[in-house]
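*Asks:* This is the feature table in TrEMBL:
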DOMAIN    2-310  domain 'CstA N-terminal'
TRANSMEM  12-35  transmembrane segment
TRANSMEM  55-85  transmembrane segment
TRANSMEM  142-164  transmembrane segment
TRANSMEM  170-189  transmembrane segment
TRANSMEM  201-221  transmembrane segment
TRANSMEM  241-266  transmembrane segment
TRANSMEM  278-302  transmembrane segment
DOMAIN    321-462  domain 'CstA N-terminal'
TRANSMEM  344-367  transmembrane segment
TRANSMEM  388-409  transmembrane segment
TRANSMEM  415-438  transmembrane segment
TRANSMEM  445-467  transmembrane segment
TRANSMEM  479-501  transmembrane segment
């Protein structure tokens, strides 16, 4: 959504080419190597080639990335759950009774975010019930799916009737408290069942969105944005196309966070190594399809001026925080209306629900992963670690406190470029670790090494430019974070070069030692 300020052609090209040559290769190779290493994480894989120092660097980098992801997603969730939109633009009359409303600057706005807020609360309350049925009583999955759909539908109906309206900052506090609890209690109680319920929103949403886009095409909808918008406007918003386009689109083309999940949990759940290609490469292609669908929905639903008004608003000649989740939701609503005949109001609310499901399930899962990474890091840094560092509660609080520090002192549009840079840099470092793993087995892995080189150059350039911005604006939290990311990244790269020189020397020595035949 943010990157469309550059025009739609650069976005399309990066989504298509990035996923084929980098993103899907990254996910598949990381998953494959983890399976061959008995389900070990990417940090453990790096440890075998780069040693304990490389292991500690990878863990630290992963922790920083999770902090940035969750800080950005925390703000986006709070914004999504508190979104308002003029009912006139939803195709509703002033005397409508569908949505609860509020008058802002003399115009009637619908509380579309409040409906999603109520839905979130109800789904979370019912999650332990689904968890009990699925993982303790072992009921059939299709029965659990039916129950989950009923709960999801019930949550939305109640949301229309009783939308919950909270201040965005208060929502952030509530989500942090929930994440603290979810990060250390057994996964079957909340994490797994919440994911199970929310995935129905995502699958139905993606399927409906694709059908809506196809229907909109047949209805004659035209793209209302420029093919290219590479000028002072886009540069002021995000920065130059290279490197910032490649780090702003942080998931649909390539995502280092996928390596944390693929090597941390997915590899342990594969029934057969042959499934790694379909799950690793194929699932990333699906995510790119989602990214393309989002871009197409926005391109056909809103004109460029309306897009900028929502996502990149200006006040007194200066940029202020936009509402990218709202732009997505409104675009979904209009696309489903044009393509499938679904009322804009229902489609927009469904867009918010779809986005919320993705954001919250990512936040709670990553906080749990952060706790694990802290525990691993202490094992490397301390020969005899203090007892408190073994505490699940302490490590959970530490991760949440550091994330809150970032989230409450910076807007998501400030966090997003450094999050995107860190995310793509972790992808590059993962590909470096994969290349080293193959080299250790005398296999040339140019398919991983070349993308790794491109992403390292791109992300280090982005972080260097951002560091200059943060120092000039006296943003202490992001300055420190940026410096740490650069230090860790350069450290991993230097360790990798050292490893390859050592490996080359060993291979040459073995070659000389071979008897002449």
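Residue numbers in this text run from 1 along the chain shown.
Each Cβ is built from the backbone N, Cα and C atoms, and glycine gets one as well.
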*Asks:* With Cβ distances under 8 Å as the criterion, find the stretch in 55-85, 170-189, 388-409 that has the most pairs with the transmembrane segment (415-438).
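*Replies:* Per the Cβ under 8 Å count, 55-85.
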*Asks:* Which listed stretch (142-164, 278-302, 445-467, 479-501) has the most C-beta pairs under 8 A with the transmembrane segment (12-35)?
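*Replies:* Answer, by Cβ pair count: 278-302.
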*Asks:* What residues in the same chain, six or more past the boundaries of the transmembrane segment (278-302), come closer than 8 Å to it by Cβ-Cβ distance?
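*Replies:* Residues packing against the transmembrane segment (278-302) from afar: 1, 4, 8, 11-12, 15-16, 18-19, 23-32, 206, 209-210, 212-213, 216, 221-225, 249, 251-253, 255, 258, 262, 266, 270, 310, 327-328, 330-335, 338.
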*Asks:* Mean pLDDT for the domain 'CstA N-terminal' (321-462), as a whole number?
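*Replies:* For the domain 'CstA N-terminal' (321-462), the model's average pLDDT rounds to 88.
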*Asks:* Under the DSSP assignment, what numbers of helix, strand and coil residues are found in the domain 'CstA N-terminal' (321-462)?
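*Replies:* Across the domain 'CstA N-terminal' (321-462), the residues distribute as 123 helix, 0 strand, 19 coil.
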